[in-house]
């Protein structure tokens, strides 16, 4: 039985990024190997994660994992971990009993994204604008997706320490004359405008409808994919403005997070939305909003911003941690279960 202070995990290690619709897994056979991608699992196809792993993965592979490290979108407060946007409840004790695992660690999904930005490969990121990375300096990752995820990564005592939080729910307010025209038409949450009300998939639609309402025109599009596609092709003025404003507002919030963490190591934009609208993020609006932080605009110009283009960034972060857990200050108390 490992001691309570032991930070190592027994190989093979199953790593998993569990979202609202899809759960993606990979297998690390040993510390020197690259993760082997496993078939993705749709959460709606299985009643429990145990069923999904047994029938969707374990029955199809010859190597049996001894440990599991999972990233989930949901609060980790007890032996039962409900997922925010899916019907599963993760019960690590059941995983130990039913799947023959020896060790299960569950962390926040954006902790995994933060782990991935400690040492990203050049081909996994695209720089937006100027600035340069200061080694071993704090970093921030933001991810517009189902919601707006935010996490920091701080280097202290020769260790990268992920700092999860709820930064996506910070206040966001109007600054320009155009903002003040649009803001009354935005759908708030409990009387206030949080970043996540705009900077996520449904937030794109919230912003698009507000732009249309401010101009007295009827919305043409019904979902955010139509809005972003039309904007990038230059077909519809309201869609173009929506994505331009989205990039601007994302730049403002990203700049705020950079100031909070003094993120001289860089600010990273993760997730599918950032990848899809990358052409818009590469235009001046995002970076101008990011740098517009008087009295610290000169400082902001030195902080680099990147889009993460790795297709499985969270799994990449989990793999880095699984190989060398002592290189990272991941809190395990109350989040690790062993047989």
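The backbone N, Cα and C atoms fix where each Cβ goes, glycine too.
Quick caveat, the model's predicted, so the values are computed rather than measured.
Taken from Swiss-Prot, the feature ATP binding site applies to 16, 17, 18, 19, 20, 21, supported by sequence analysis. In sequence order, 24, 43, 49, 70, 71, 72, 73, 83, 86, 88, 90, 109 are the residues near residue 18 (ATP binding site), counting only same-chain partners six or more apart with C-beta under 8 A.
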Near-site residues: ATP, ref 16, 17, 18, 19, 20, 21, CB cutoff 8 A to centroid: 22, 23, 24, 43, 72, 73, 83, 86, 109
Site of maximum Cβ density within 10 Å, from binding-site residues 16, 19, 20: 16
